[in-house]
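Per Swiss-Prot, these features apply:
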- Asp57: 4-aspartylphosphate (MOD_RES)
- 187-416: domain 'Sigma-54 factor interaction' (DOMAIN)
- 215-222, 278-287: ATP binding site (BINDING)
- 479-498: DNA-binding region (DNA_BIND)
Amino acid sequence: MSFSVDVLANIAIELQRGIGHQDRFQRLITTLRQVLECDASALLRYDSRQFIPLAIDGLAKDVLGRRFALEGHPRLEAIARAGDVVRFPADSELPDPYDGLIPGQESLKVHACVGLPLFAGQNLIGALTLDGMQPDQFDVFSDEELRLIAALAAGALSNALLIEQLESQNMLPGDAAPFEAVKQTQMIGLSPGMTQLKKEIEIVAASDLNVLISGETGTGKELVAKAIHEASPRAVNPLIYLNCAALPESVAESELFGHVKGAFTGAISNRSGKFEMADNGTLFLDEIGELSLALQAKLLRVLQYGDIQRVGDDRSLRVDVRVLAATNRDLREEVLAGRFRADLFHRLSVFPLSVPPLRERGDDVILLAGYFCEQCRLRLGLSRVVLSAGARNLLQHYSFPGNVRELEHAIHRAVVLSRATRSGDEVILEAQHFAFPEVTLPPPEAAAVPVVKQNLREATEAFQRETIRQALAQNHHNWAACARMLETDVANLHRLAKRLGLKD
């Protein structure tokens, strides 16, 4: 089998049809998977010695949340080091990063694997991975044909990175130095709420406005502040963190503004406060709603005039600090109740951001679960940590009152429990490993299987045929919706339907 001009043209056309980078990436790997008839494909971005999935096809959703560090994945490291097509033999001793992550094939190891490093000039920018369950699945394709595929993928990724850089620099003031744009990979999530939040971060990061970040406990407000700072012209200078809720009233002023020797008992030397430490950088004030009214007045003065006074000193010090504040309270209600100054609220909330709770983020919970699974795998030296279908279903139907922080702790606890019940370095997280209270799951709809004299293969095919028919009827013969309902990949479903005689 070889690639025709029509095949390559079709891939190029699909790239042009995409609306936005993400859509183009998805069209690329979906088309490649169909052309190559492989079981899974993925487009990865290379950054800081790790591969970050941008688009996947035929893999579990949580793969999009995983971050594949080279030191923990020897196959990906081999791809990164290679300057050309990498074919891994079926008996390769190097573990495949996608073992257990192909839906419906969790218990099987990936047999065929091809890695295509993607370059922009001499710089590695990503990789395309192709995986199959048959050992000789890619033998029919020559290296030259695979290089053509790599060139198309590299061009698409390189153009996307260039456009991202140019768009971010257009947001800067005319005399500002170029800076790195917000990377979509820094904040995990593809839900509408997170997509909008990322756009707002890109917009406000280029300015010097104060930002008020609101959200429930555990939603990741500190991560938002970090993303704003790292994508701003101040990124070369420090980001200083201060938790206002952990400040005793007696030392709060000193922590913020510093003190001079002898200012109070125990002040044995001069000490800089957080504002001085953040000069020319960013100060992140977490739980800003916990500050006393007296400290709020002093903070307001700094925001108005840009100078501070150390405790015990009459002299003023000029500082250039951008303030990012976060709260889990409704500060408007706090203002009405007289617990927060209205003038300070308006100074801080020049550009308000709201971080959505995890229960409103849809499939983001699975992406985040994949991220935490990969963290646990690296931290505990395991070969793989994967979620069972039951565990994924449970996570998607739990409300997570503690948000992302609760999910992180739940994954870590589940990994420990799973390791205690089975030997080896492979962990499969089941629903029973999670101690969530009163989670109501939708009842499974079991298809009635008639009792007839059939051999095992015929009975299995009859069951598959009837299950697909029922799913198609429930989804108005929409194959993509049917595949989602059956928790399988649409390309695999089409192939199975053809084999079962359900479609031509």
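Note that the numbers count up from 1, one per residue, in the order the chain is shown.
Note: Cβ is positioned from N, Cα and C throughout, glycine not excepted.
Here the features listed in Swiss-Prot are placed on the structure.
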residue: Asp57; record: 4-aspartylphosphate; CB count, 10 Å: 22
residue: Gly215; record: ATP binding site; CB count, 10 Å: 19
residue: Gly218; record: ATP binding site; CB count, 10 Å: 20
residue: Lys221; record: ATP binding site; CB count, 10 Å: 24
residue: Asp279; record: ATP binding site; CB count, 10 Å: 17
residue: Thr282; record: ATP binding site; CB count, 10 Å: 24
residue: Leu285; record: ATP binding site; CB count, 10 Å: 24
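Annotated pair Asp279 (ATP binding site) and the residue listed as '4-aspartylphosphate', C-alpha to C-alpha distance, rounded: 46 Å.
Counting residues 6+ beyond its ends, the DNA-binding region (479-498) has Cβ neighbours under 8 Å at 30, 33-34, 39, 57-58, 103-104, 389, 464, 467-468, 471-472, 504 in the same chain. Helix, strand and coil residue tallies for the DNA-binding region (479-498), in that order: 16 helix, 0 strand, 4 coil [DSSP]. As a whole-number mean, the pLDDT of the domain 'Sigma-54 factor interaction' (187-416) in this prediction is 92. For the recorded site, Lys221 (ATP binding site), the DSSP three-state label reads helix. Put simply, the residue listed as '4-aspartylphosphate' is 33 Å from Gly215 (ATP binding site) when counted between their Cα atoms. In this structure the C-alpha atoms belonging to Lys221 (ATP binding site) and Asp57 (4-aspartylphosphate) are separated by 31 Å. You'll find the Cα of Thr282 (ATP binding site) roughly 40 Å from the Cα of Asp57 (4-aspartylphosphate). Cα spacing between Leu285 (ATP binding site) and Asp57 (4-aspartylphosphate): 41 Å, rounded to the nearest whole number.
Across the structure, Gly218 (ATP binding site) and the residue listed as '4-aspartylphosphate' place their CA atoms 31 angstrom apart.
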